[in-house]
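Peer 1: Have a look at this one.
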């Protein structure tokens, strides 16, 4: 993973702090070259001599730590250069259309994630009779998707991304999702349906581990936190679309409706298969392979000015060149400099490492081990809080409580709406209040609402019981969305050092 935002609970270094912290001069070569030599050597080595002027300006800005007062003049930079640089800070949401196009494509991947998971919510009501499935087999079909997602798909992410890049990985994941959804709809027996859901789960696991990374590595740091919530927000939108499709398709014959419900999530995969290669490749992926020319070309499409792209690019070149020992406060100087640039943390490996050694480092290196504890706790909390029961079985829950089938499906649509709309406040609260506070404020009342919802099953069936059950489920969802629904993804992406982020 890559960092998708900044935690308000931990004050990160600004550009000025990083410049003071690092005892290096971005303008000079590591071996004491003169100021011009460092930039010129970089441009010559990586075939960027045509961009030498803008790289030199970027190096000057890095020498100033990226912080330039509104009324300050900087030798070597024109007034127009300074105005463009300051505008990047004062108009942070004014970004190129290509950046938002990348976010749109990533949102399609997130929609597929939620849509694909929720289609079974409605199909559960009909597939039991259609395929003669007993409760244990139905439970296996439902959990098969998540087992494949966690045990196969997510573990494929790192090698597939390394081999063909994030865009290629998203294409493969989306193709698997299309095949999984289509084959689910064509299943003639429950074992075939189980295999189809496993294929879908593999695609969704690879998709979930890649789409958010591409979004984070494409976005500038100033808005990465806000854009970072887009993954979970549009996953919630996909859940809403799944619930809506389940309800709208309910009028068809019982032996057809479940097939249509399982086929519907294939719809968002089609445009994503076509559009993903229109997006620039992740700049971090190019930088990790020392393809600075290609990284610069990608960055120029994702940033408003070449100056901003050059500053990010050269900052990472300097960071890789000036790898230093861990500082007194336990943080790599390398990471400090990377934090002052906008591009997401690239993974630096000074020497080849095996799969086993990389995996072992998550537990043997204290810094990594602490991050594993923290991220796994919030991730497990998200999965065990009860949201999956509602996402998969809300229609069944409402039906067993006395709702007619059609009403149960529409009650699930309301759940999808609440889940989606509840994510919007996190765009602002994620950075304003911090990740930990959001969890502390939402988890206790979530536990209370879930406990009370379970008690309603002891009440006699009637309008009051239905309203109370539905209201408590919707309240639970409204608390989940801006809290444990969004925080774990952003938090887990931020707590790891660059060398271990993708492996976790």
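Every residue gets a Cβ built from N, Cα and C, even glycine.
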Peer 1: So which range, 139-160, 227-248, 293-314, gets flagged transmembrane segment in TrEMBL?
Peer 2: 227-248
Peer 1: Under TrEMBL, which of the candidate ranges 79-97, 98-116, 117-135 is annotated transmembrane segment?
Peer 2: 98-116
Peer 1: So which range, 18-39, 40-61, 194-215, gets flagged transmembrane segment in TrEMBL?
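Peer 2: It is 194-215 that TrEMBL annotates as transmembrane segment.
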Peer 1: For the transmembrane segment (405-426), name the stretch out of 194-215, 227-248, 371-393, 438-460 with the most CB-CB pairs under 8 Å.
Peer 2: 227-248
Peer 1: What stretch in 169-188, 194-215, 438-460, 466-491 has the biggest tally of Cβ pairs under 8 Å against the transmembrane segment (371-393)?
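Peer 2: Stretch with maximum Cβ contacts: 466-491.
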Peer 1: Do any residues of this chain, six or more beyond the ends of the transmembrane segment (260-279), have a C-beta under 8 angstroms from a C-beta of it, and if so which?
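Peer 2: For the transmembrane segment (260-279), the sequence-distant neighbours (Cβ-Cβ under 8 Å, at least 6 residues beyond its ends) are 98, 101-102, 105, 108-109, 111-112, 115-116, 119-120, 122-123, 126, 167, 170-171, 174-175, 177-178, 181-182, 184-185, 214, 218, 238, 242, 245-246, 249, 252.
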